[in-house]
Each structure stands twice: as structure tokens, then as C-alpha cells.
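Residues or ranges marked as active site, charge relay system by TrEMBL: A:SER153, A:ASP232, A:HIS269.
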There are 2 protein chains.
Amino acid sequence: MPLNVEKISSNRAFGGEFNKYKFNSPVLGGTTTQFNVFIPAQASEKLSPVLYYFAGLTCNEDTGAWKGGFIRDAAEEGIALVFPDTSPRGAGVEGEDESWDFGSAAGFYINATNSKWSKQYNMYDHIVKELPEAIKELGIALDLSRSSLMGHSMGGHGALSIYLKNLDKFRSASAFSAIFNPSNPECQWGRKAFSGYLNGGQEEGKSSDATELIRTVKGQKVAILADYGDADKFYQEKQLLPENFVAAAKEAGFDESQVQVRSRPGYDHSYYFISTFAPAHIKFHAQHLREY
Amino acid sequence: MPLNVEKISSNRAFGGEFNKYKFNSPVLGGTTTQFNVFIPAQASEKLSPVLYYFAGLTCNEDTGAWKGGFIRDAAEEGIALVFPDTSPRGAGVEGEDESWDFGSAAGFYINATNSKWSKQYNMYDHIVKELPEAIKELGIALDLSRSSLMGHSMGGHGALSIYLKNLDKFRSASAFSAIFNPSNPECQWGRKAFSGYLNGGQEEGKSSDATELIRTVKGQKVAILADYGDADKFYQEKQLLPENFVAAAKEAGFDESQVQVRSRPGYDHSYYFISTFAPAHIKFHAQHLREY
């Protein structure tokens, strides 16, 4: 069934095109979802690889596009950027707008199994299955066989966990101040999300937790880059837990050429931090997306 | 009298520091005003020159900082950035929140002479006189004797008109999709602003109109760069009128080495346009700010 994706707006940007689209998403229970695509000028000559950016709590498809500073380097490298939303919108589930860290704008990039949420809150399938179909419908010169993922905070968790579950589909993943270990009891955000969306709570959440998943891909080829700031209050409150991810990656035999996690002195959780290191992340993905 | 400037927040950004400040502004009738300053890492070694960014209608001190993409290049060049607000806030003048293009977030970088607005709406004096004093109070290693101006739309008008009235104070001015000729009857924004804020209406507005002012500085040394997009609907609606400015500059004897105005095919009025050309504008100002 075609998704009947509709273009809402288009802006020229960095020699390419920045377009906003919408469609009624069957995977998200028939709610209307929006996403942005930056198409670099190079796409007019040859198919461009695709880099997804997953935003964090309270954000939407515009946040990374407006504040991340990604487009400039993507334009230079000839990489297309895709910015999805962070949850279904207007699902009408009771309580979905009551918290800033659960429900609307907090879909956590998983499929809900709790029947209260499972009709609409299926951001994992939306990203992995539905959005590539929607993109194909646009008829843009993109090469989806060369795709990578990046994200911030909740979106960093999304990028890492989706990547580690789909090493055959994506070439690399990077994260800014990711929630590295959401099923850990110390992580309040993860506890709230998994106990709300999943029948099996945090135990079920382990199958969507980067620190758990890195153990399951032992021996395989991975390409992961992550940065976080040591002045990030959410890091200090143990919402991010990068040390657990680093330890698990080491235990699984990965070295820094495959999994690199960097602490950035003085930086916090904001887009000032993200935009500072955005060029390095685009460069990292470009290395992996360049090869056919 | 000290302004008692208070730091509200601080974020590490691009190796430097991004700070938000507030103070009660006598010039703005005692209302509380906020501004942001990016301090590059180089300021710890030698005084940094200062580049102001004036945002457009509906915007505030955060808009350019979040969406303009200026900080990266300013950090490389060792230039400090100052982002003021676009009007007084909470002045309590009747009708100030009724229009998106007049009153709040639409101060037009002039001093009101109409007594209804003249107690608070004095953005010209705020920028030219008060803000430098506020910055001096911060005790940051900035060299205000090397200052330049840039802005977008209403803020482009602000940058150009303030510059042309103060060639002794500022070294260069640049603008994105500026309102180049607000006192022209074709410019609806200018008509509304000047007829509202100024007793003398558009006639009085001529003294704050870049196209009028460029004639008055004939023979002097000026450094102006301006870009606008030919797909900008406000350009098409004759709100910007760059052709009038270009003609006046030419008549006054300025060539492209002094006044350069460029039409950018396909670009519009958005921050996608601004961020595309932000690096070129920073580079332009850096040439003028570098010399002692």
C-alpha cells in the first residue's frame, strides 16, 4: 500500500534542498507523522547515502535540523539527512501529554507491547521499516543500501540500539550524550519508558538497550562513535551511564577502532555541545557511507 | 550607574563559552532585557573583537545563536558574538503584543519618538550605547574598539542603518535578506513601524534607512556585504528592495569592493538560507576585525 507521502515545504539549503513531508502512518496507528530530508546537490549526479538523526526528549523532526549544525558538512560530503519525529503525535492515549519524558515526544524508538500504547507507539518499526518505504516513494536519488544512524540523548539510545539490532541494514552509528543503558535500574528515564511501554518492563527493555546489545554482536564488525560532556547534568544524575557501555564493549572484545566513546570536558547536554562535535560525527559516518 | 548585569546560564561551545545575561535596562524603560555572548577560547590569551547579530521579526536573542550557524566560524576566527533581543519585553504598552511585525519582537533598532512608545522602545540606544556598557561590566577579554554588525531582515536593516550612522564605531556590516529601504512607501513593514514608533512617520524614518543613509556617507570608507535570496517571498513582495540600496550606493560612488549585494538563486528568507552563507559573512567580518 502506498503511504501517499506529501511534501509540505521546501527550502534551498547549502546548495541542496531541505524538504518537509507528512503522511498518515499505519505503523503509528494512523496518526500523521512528519519528517525532514536534506538532499545534497550531489544527489542530482549520483545516488546519495543516507544518515538518520534521532532527536531527544521534548524534540521533534525540526530540532536537529535547526540546531544541530549537521547540514553544512553533510552537504560537503554529499550525504542526505533524514530527521524523523520522536513519537506519534495526537495518538489520543490517556496521559500521553502529561510528562516531558514519556508519551508525546518521548517514543524511545521502541515498539510498545503494553496494549495501552501498542497501537500507536511503534517508533522502532516506523524507523526501521516504514520510513525507508516512505523515502523510496519520494523518488529522490538516495541509496538506502548505504544508511547510517546518529542521535542525541533518547535519540542516541535509538541510534545505538537500532544499529546493534540491524548490523546488516546500517553501516555505522553515532551518539551525542546517549542514554547508553536504559534498562539499568539507575536510569530513571529508561525505567519510566520501559515500565510504561513494555509489558515486561525493564527486563523486556534489555532487548533495546545498547549496553546489553553490544554483548550480543561479539565478533561482528561494528562502527560506533559516541561523545558526551562531563558537565552534563543528566550524565551526573546517571541517566546516561556511558561507563557501562564502554565496559560491555570491552568485555565483548571491541577496541577503540570499532567502539569509541569520548568524554568531553566542560560540555553539557545542549545543542551547543552537539553542534560543536557535529562535524566530527558527519566525517565519521562519511568514511563508512562512501564505499559502495 | 552600573547596570548590574547578571549571568543566567553558561554552556561550553566550540571550545569557548556561550553565556546568557540579563539586566534591567534604563534605556528600555526599566524592562528586563536578555542577551547572549559567545566568548571564543582565544579570549583567554588576547582580547577578542566583537560581532553583533541582530535577529528579525518574531525572534529573540536565541534565534541567531541556535539556528544561524555562526559560532563555529567565530570560534575559529577568535571573534566574540553578541546576540541582543529584538525589542523591549513586557513594556506594557497597549497593543504591543497584537502584531507579529510591530511592538514586541519588532523594535526595528530605532528610538521611538511617539510618546506612546518612546519610554521603552529605544533599541537604537540600547545597541549603540547601553549594550557596550553592559558588556564592559562583564569583565570579559573583549576589544569593543573592534566591533562589527550583522543581522537578518529587520536585523539586517538594523545592522546597515546603525553602521552607516556610526562609521567611527563599527568596522563592517553585513546583512541577510535585509529590509534595505524601510522608508520607501512600497515597504509595508517599514510603513507600519515608522508610522507607529515615530511622530514624523516615514519621513522621520529616512534617518534610519540604509538606502537613504548610504548617500550621506559618500566619500567615506565603508565595508558592507549583503545577501538575499531571489525565492524570498518578502523580497518578491517588495519588503526588502535591495535594488534601491544598490542603486543609491552606486550613485554615491561606492563600488563592489565597498558595498557588495548578492542575489542568491533559489534561496528564501529562512535560517536555511542564513546558515548557508553564515561562514562567508564571518570571514568577511574577520578581515575587518583582525587589524588593530
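Using the three backbone atoms N, Cα and C, a Cβ is placed for every residue, glycine included.
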Using a Cβ cut-off of under 8 Å to chain B, which of the active-site residues A:SER153, A:ASP232, A:HIS269 qualify? none
Which whole-number value in Å describes the distance between the Cα atoms of A:HIS269 (active site, charge relay system) and A:ASP232 (active site, charge relay system)? 5
Around the Cβ of A:HIS269 (active site, charge relay system), how many other Cβ atoms lie within 10 Å? Please give the count over every shown protein chain. 22
Determine, to the nearest whole angstrom, how far the Cα atom of A:SER153 (active site, charge relay system) is from the Cα atom of A:ASP232 (active site, charge relay system). 11
If you count the C-beta atoms lying within 10 Å of each candidate's C-beta, which of the active-site residues A:SER153, A:ASP232 ends up with the smallest number? A:ASP232
DSSP three-state assignment (helix, strand or coil) for A:ASP232 (active site, charge relay system): coil
